[in-house]
Structure formats: C-alpha cells, structure tokens
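*Asks:* Got these off Swiss-Prot a minute ago, pasting:
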- GLY13, PRO14, SER15, GLY16, SER17, GLY18, LYS19, SER20: ATP binding site (BINDING)
- 6-185: domain 'Guanylate kinase-like' (DOMAIN)
Amino acid sequence: MERSKGAILVLSGPSGSGKSSLCKTLFKEIKNAYFSVSTTTRTPREGEIEGKHYHFVSKEKFLEGIEENFFLEWAEVHGNYYGTSKESVESALAQGKLVVFDIDIQGHRNIKESYPELTTSVFITTPTQQELRERLVLRGTDDKETIDLRVMHAYTEMKHIKEFDFVIVNRDLKESEKLLLSIARAALSKRILYDVESLVARWKSKETPKTPNSQ
C-alpha cells in the first residue's frame, strides 16, 4: 500500500561530524529521498553548486524572505543566515517523499513543532572534541579562528542531544551508514504515514481463509 504522505528526517550535529558523507549514502539507497536545500547568506565553499548544496542569497534578500513568511524555519549561525522554504517541503511531503534536513538545533525544534508526527530526528557527532577538531582541520575549508568557533558551537549543540530521537556516534563511516539507513527506513514505516482505514478495509475485503473449526 502506498503511503498517504511523506516523512521528515532531521540530521543535526557539529560541523565536521560527517553528516554530508552519511547523506550521500542515504540518497543512493533511499530512492524517494528529497534533500531540503537550505537558503543561506554565507559565501559558497569551493565545489558547492547553487541549487544543489544551497541557495545562496544576500542578507537583504534573506531578510525579505523572513518578512514575507517564506521560510518554514530559519536561524542565524556563525553570523550567517540559514532557512528552509515552506513550499518545497510541502510539495515533497505531498509526493510521499522522505524529506531530509541538515539543520541546527533551533531548526530541528522548529521542524518538530511544525510536523511533530512526521519528524524523526538524528544527532550525529564524533566520539571526542579532539577528533572533531582534527576533522575540521583536515577538511581544509576554514581558518583557525573559524574552526575554534565551530568547536565552541559544538559544545553548545552537545547539550541538546536529549532532544533527538536517535544518536549516531560516527566512529566508523560504514557502521554509521548502516545505522542511518535503518533509521530512515523506520521513519518511512510510521503508522501516521498510512491511510489506516483504507488499509483495514482492503484487508477485510479479501476472503478469509477457512479454519478447521469454521467448517
């Protein structure tokens, strides 16, 4: 039976915890997954593509979107604005897709408040703060000051782990991929996603097998 609506999977956690790498596997395996492309005011990193990784806009344009109630959720992080379009999310849910968000703690709260029954959330982290810092250095996209800021922000994020449904400590990428895929498939199997009355009616319409006692 087809789902009557889609589901939401929220991924949060410190920058450098491996969310992007895990997402790549998720989208290879879950064919009807839809990545919610955020709008941001930050400068594009090398290799990032407009419309694929982010929608890049000016601060003025973003603030206009806030005024026009364009965003489902938005937040200011490290001096930059990030937000999610309402229209694109509603459209994907109507098509029965798994809508995947890579957003911060406040964004998770906003999504959970808007779609409490459809949302499954996962907090992804490294085993230690030191490993997080090492990954950020190896990534080579930020200077020391920015890395220090990201690690400091990670301390704040770690305090909110209890707000999430699942936690993945990303020690081993392959094992973490398996965990995330299991969670994603479970999210798509929630009872709330199905028209239960139609399911039961269809089940009842089938001929009931006779048992020895019914003869």
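A Cβ is built for glycine as well, from the same backbone N, Cα and C atoms used for every other residue.
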*Asks:* Could you work out which of the binding-site residues (SER15, SER17, SER20) has its C-beta surrounded by the smallest number of other C-beta atoms within 10 A?
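*Replies:* Among the binding-site residues SER15, SER17, SER20, the sparsest Cβ neighbourhood within 10 Å belongs to SER20.
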*Asks:* Look at each of the binding-site residues, GLY13, PRO14, GLY16, GLY18, and point out the one with the fewest other Cβ atoms around it within 10 Å.
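*Replies:* It is GLY18 that, of the binding-site residues GLY13, PRO14, GLY16, GLY18, has the fewest other Cβ atoms within 10 Å.
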*Asks:* To test your reading of the ATP site: which residues beyond GLY13, PRO14, SER15, GLY16, SER17, GLY18, LYS19, SER20, same chain only, put their Cβ within 8 Å of the Cβ centroid of those residues?
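*Replies:* Leaving out the recorded residues gives ILE124, THR125, THR126, LEU132, ARG135, ASN170.
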*Asks:* Give me the long-range Cβ neighbours of LYS19 (ATP binding site): same chain, 6+ apart, Cβ under 8 Å, in sequence order.
*Replies:* LEU11, GLY13, ASP102, ILE124
